[in-house]
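Report on the following structure.
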Amino acid sequence: MATPGGVGTLLLLLLASGEGAGPEEPRNFCLGLDIQDQYDPFYLNRTGECFARCLQLGNVSCNPEKLERYWLHYEFYLVEKNLEDRVDMPFVKALVQNFSTDTSEDLLFSLKPSQIPRQVMMGEDKPPDRVRLPRSFFASLPGSRSAVRLAISVLDIGAGDLFKGPQLRLEDGSSVLNNHMVGLSVGRTPVTRLPEPLEITFSHQRQPPNATLTCVFWDVNKGDWDSKGCSTELGAEGTVCHCDHLTFFALLLRPVLDRATVQVLTHISQAGCGVSMIFLAFTIVLYLTLRFSLQRFKSEDAPKIHVALSSSLFLLNLAFLVSVGSGSAGSRAACWIRGAIFHYFLLCTFTWMGLEAFHLYLLVIKVFNTYFGHYYLKLSLVGWGLPALMVIGTGSANSYGLYTIRDQENRTSLELCWFQKEPALYATVHGYFLITFLFGAVVLALVAWKIFTLSSVTAGKEQGQSWKAVLTILGLSSLVGVTWGLAVLTPLGLSTIYIFALFNSLQGVFIFCWFAILYLPGQISMPSSSGGTARLDQAPSVSHE
């Protein structure tokens, strides 16, 4: 029997513990503690809130691995223990149904995110979001069963940190299309290597620009997305995923140019443009030096055209560095002016590359009847005047302004003063470049054919004609802007974008090398190769001014 003193002490301790204890803190379900196999509506709702609360930079403590495991096991629960055949909650829609394994036709199900999945009967239109199970699916399942319980679910994972995986978290701008996952399960029995893959169609209006779409599944062992066993079939209104197993599937959206990639490409272009400007300045200085020291430079047109191209390219690189460096700083009028100047020197560069091709055509292809009075003056009017007229027309339509490159999460990757109206961009940049590039490519191909034909004829007389011909074509390609043609290959992948940025920004270096080889005093006295294979620029002038 407790003594009075002992009872008093006990009461004091109980009172003290009661006074010190505050109200019970709300339970954090996002930590994933003691929630496994707890799938009543209370747990489902509380755990479903973690899709929005578990942000990578948020303040809520989360355990993504446990939460992901919770939802992966939910389909097992639906198949094995759940008595309901439909689940309709804000973040998950599911259909659970028994199917005979002796089916003679494919099964089609609608996967509209806002509705519970349902079977589509024969004669109905195919829904835009759907899954097709081939008739051979049930016969491919392990074991001999007359019926199979199948769960099909659509899970809205939100924009949080769940089901992103290590790789997706590191890729800035990558995401799961519409934040939707599609799950298929027949219980804990693994279903892999199906002889005929199932088809899941994810609808979208059109493939986003500068982005790739990839069919993936959630690899439980890695805790990340993987594409093994799945193939991607792109379509105009959706993407079809063909997969040979059952699990959770999604369509990953990966921007070709995310923020990190844009920054790297910008740094490469800035460094390349800086180096190119130095060598273009060397080219101009070398020309002026030779012009004052050699009489022939005062009358030849080819060096003047090379220097005009070098000048326009130098000013273009300078305008690019200023535009990228200043970004959106300044007033709208200042941004308009920077965009117009950048556009003008870009068009001048395209025009002078086209004029290089035209001059090459007169020297090598046409050859005869190539006299033009005031030839270089007329070329200058076209080279500097035509771009000015195009810029005036574009500016009058108020097409210049702030141009923003964004990633797939609508975050700004780069801002510069450029075009704010796409039709003008397509017409005066893309279209104009395509015309000048195709003209230059055709002329270069004709010149190459003529040079290599001549080289084969003289191969027995002079040694080393082949490598001289190759070097000549490479030198001429820098003048007509072949490196700009690499832009056509950029949709092939990120590697071609890096190649384009590197080689195109170094065009000035290539031009200087060509100019120095042709015109340095040490080279002037060298005998020309037969037919001028390596000395095309030293053919007689086509005009007299």
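Indices start at 1 and increase along the chain as displayed.
For all residues, glycine too, the Cβ spot is worked out from N, Cα and C.
Automatic prediction, not curation, is the source of TrEMBL annotations.
According to TrEMBL, the domain 'GAIN-B' annotation covers 107-259.
Here TrEMBL flags 265-519 as domain 'G-protein coupled receptors family 2 profile 2'.
Annotation comment: TrEMBL describes 1-20 as signal peptide.
Annotation source TrEMBL lists transmembrane segment at 274-294 (among others).
The transmembrane segment feature in TrEMBL is assigned to 306-329 (among others).
Look at TrEMBL and you will find 341-363 (among others) tagged as transmembrane segment.
Annotated transmembrane segment per TrEMBL: 375-393 (among others), in sequence order.
Per TrEMBL, transmembrane segment is recorded for 429-449 (among others). Residues of the same chain lying 6 or more positions beyond the ends of the transmembrane segment (429-449) and with a Cβ under 8 Å from any Cβ of it are 343, 346-347, 350-351, 353-354, 356-358, 360-361, 364-365, 390, 419, 469, 473, 476-477, 480-482, 484-485, 487, 536.
The feature transmembrane segment is assigned by TrEMBL to 469-490 (among others). With a threshold of 8 Å between CB atoms, the same-chain residues lying at least 6 positions outside the transmembrane segment (469-490) that come near it are 306, 309, 349-350, 353-354, 356-357, 360, 433, 436-437, 440-441, 443-444, 447-448, 451-452, 455, 496-497, 499-500, 503-504, 506-507, 510-511, 513-514, 517-518, 533-534, 536.
Taken from TrEMBL, the feature transmembrane segment applies to 496-520 (among others).
Outside the transmembrane segment (341-363), and at least 6 residues removed from its termini, the chain residues within Cβ reach (under 8 Å) are 301-302, 305-306, 308-309, 312-313, 315-316, 319-320, 323, 370, 379, 382-384, 386-388, 390-391, 394, 400, 417-419, 428-429, 432-433, 435-437, 439-440, 443-444, 446-447, 476, 479-481, 484, 536-537, 539, 542. If you average pLDDT over the domain 'GAIN-B' (107-259) in this model, you get 85.
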